[in-house]
Amino acid sequence: DRQTLVAVLQFLRRSNLRESEEILRREARLLGDDLGGSVATVATSSPGVAAVAAVPPGKGGARSGTAGSLPGAVVSRCIFASSFRQSYKLFSLLYANIFAVGGGVVVEDQPDVSAVLSAYNQQGDPTLYEEYYSGLKHFIECSLDCHRAELSQLFYPLFVHMYLELVYNQHESEAKSFFERFHGDQECYYQDDLRVLSSLTKKEHMKGNETMLDFRTSKFVLRISRDSYQLLKRHLQEKQNNQIWNIVQEHLYIDIFDGMPRSKQQIDAMVGSLAGEAKREANKAKVFFGLLKEPEFDVPLDDEDEEGENEEGKPKKKKPKKDSVGSKSKKQDPNAPPQNRIPLPELKDSDKLDKVMNMKEAARRVRLGPECLPSICFYTFLNAYQGLTAVDITDDSSMIVGGFADSTVRVWSVTPKKLRSVKTAADLSLIDKESDDVLERIMDEKTASELKILYGHSGPVYGTSFSPDRNYLLSCSEDGTVRLWSLQTFTCLVGYKGHNYPVWDTQFSPYGYYFVSGGHDRVARLWATDHYQPLRIFAGHLADVTCTRFHPNSNYIATGSADRTIRLWDVLNGNCVRIFTGHKGPIHSLAFSPNGRFLATGATDGRVLLWDIGHGLMVGELKGHTDTIYALRFSRDGEILASGSMDNTVRLWDAVKAFEDLETDDFTTATGHINLPENSQDLLLGTYMTKSTPVVHLHFTRRNLLLAAGAYSSQ
């Protein structure tokens, strides 16, 4: 079919694949240089038929982003469709070149439901599906060990797509039989997804099903070595198993790497998310993970530091910060973002005072390590019949807040100082505004108490966060709002409405002013306290955004999701710069190391995973917990990682040892995998049980005392 041939040659020329073009010309005995004036694009409508549409030259036909069309898919379809079967060498060259080189050329758009489902119109004989699948299964199980682990990754996505194809084309009995025969072969971590899948038994069920749609709109990503991929392709071509080959083309994205195939252990560590692994391309962008330079300001010295220099009555001398205790070096971190990359709020006098206090506390901080573990102070919420759903503690550890299922937010003072609110307007008018202690006088002693209850939400409160200056408090709720409360008046200042569904988490930036929220609508939003609309919307997760965290330099936000992935977003432009896969259940906790280089994540699978942000690699796996991990926190200097879980334990891990001697060389960065140590028990420094209290929050004080919190459960 000359027209199809012309289309392929045009495509190769446009993609600068001259060598492949020459081979195809020789094979097809087409030596003339004139390929006609128009470029042909191929629409894959049904197997064996190529619908060819003429497009004026230069309009880029073959790259048009139809649902699931891929340069490689277009070309290989042409070859299948027009039944001119060139030699195997030609096909390999064509496909390998286009697939490997053009792997990143996919135009990803979000198709609508009907477009997505129509991909399932291409169907073969429904009675042969079981035979196709079992044939492939037999081939993979009989292949060499080194290839078997990699190719086994195909089982799950193929199983899902073949089942959905049968259901969509209304072969319900064949679909049921197919499901019952093969669902037991899938990996245990896909059981929840399979349960949802088993409920889709009719074409009508597929229309409104979110999981179904996710599977369609996002290509399932498999990372396979070139050798294993060639083996698979040869097998499918010899068997002429077009049905499976079509699914591989349409719905899977195979990320081919050169080098040794990965072991079962390496693959198991990385897979398990809703859409397979992350493409290596997704983790290539540069990330400024360094810390911002501390602003310089003078620090008044303590009396004991003055060494009698001052005579009576003279003002105290000021010394620059570098002479004071505990200050950081003035050198700019080479990995830090430019200081003005995103606008950050100016430091107020009270912030400077707080920084001084912080530095004095840091001077008295305990250096932690395997030989010197922190003391742990546990705050147990007793008789919390209202249902404790969220906890936060201020940076100076003076206040603790609880969010409850009865829609209240309760703030406690954990120091002898009671919580005071500002006096009423009538009382304020009587105060002498010129007096030195005016800030004390405006506070109302009569209403001071240890506990303040904030009413306003109309559903359970799932997240709380104190502002760094302790003037404000955020809370987010099932009612779809995020509320900002004043800790001066203990009243609600703003209700931010942007999410349409429950909001699961919210957190203030380490510099204040900005905050992030994530919810059931699958997006995270970045807000500023003085804007009632979000500044950024971070969209990309395939399920609820369950937890959110700011990077210490405030330029990035990490989000964990029920799609079992963690994403890192750039606050400046809203781009996703990292996707981490490896957890086998929804993510519920995130913690950045104090130096900004690493991220720890915890999920319902009871594992803590450690990630190198700069290289975009998993560098550690901490096993020990037996239930969901709801709390993670690094000590102030980053030597120890504390994890708290629903299994009623707090565990302490040696973070220094976990991150030392990382083999983040060029090879592991290129292939995107790393050898994890078999045993994480030598990193475990201690396990501390509560009587019957799940741990929902952890916090290191400025002197490295560990505070933990949770509600006693009588079950």
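Along the chain as shown, the residues are counted starting at 1.
Here the Cβ of each residue, glycine as well, is placed from N, Cα and C on the backbone.
Feature annotations, courtesy of TrEMBL:
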DOMAIN    124-252  domain 'TFIID subunit TAF5 NTD2'
COMPBIAS  299-310  compositional bias 'Acidic residues'
REGION    299-353  region 'Disordered'
COMPBIAS  322-333  compositional bias 'Basic and acidic residues'
REPEAT    381-422  repeat 'WD'
REPEAT    454-489  repeat 'WD'
REPEAT    496-527  repeat 'WD'
REPEAT    538-579  repeat 'WD'
REPEAT    580-613  repeat 'WD'
REPEAT    622-654  repeat 'WD'
In the same chain, residues at least 6 away from the ends of the repeat 'WD' (622-654) whose Cβ sits under 8 Å of its Cβ atoms read 362, 365, 367-370, 373-374, 376, 378, 585, 588-595, 600-604, 606-610, 680-681, 683-700, 702, 704, 706, 708, 710
Same-chain residues at least 6 beyond the ends of the repeat 'WD' (454-489) with CB under 8 Å of its CB atoms are 348, 350-351, 354, 387, 389-396, 398-399, 401-411, 419, 421-422, 495-508, 510-512, 515, 517, 519, 527, 529
Model confidence for the repeat 'WD' (580-613), as mean pLDDT, reads 94
Per the Cβ under 8 Å criterion, with at least 6 residues separating them from its ends, the repeat 'WD' (496-527) contacts 344-345, 459, 462-469, 472, 474-484, 533-539, 541-550, 552, 554, 557, 559, 561, 569, 571
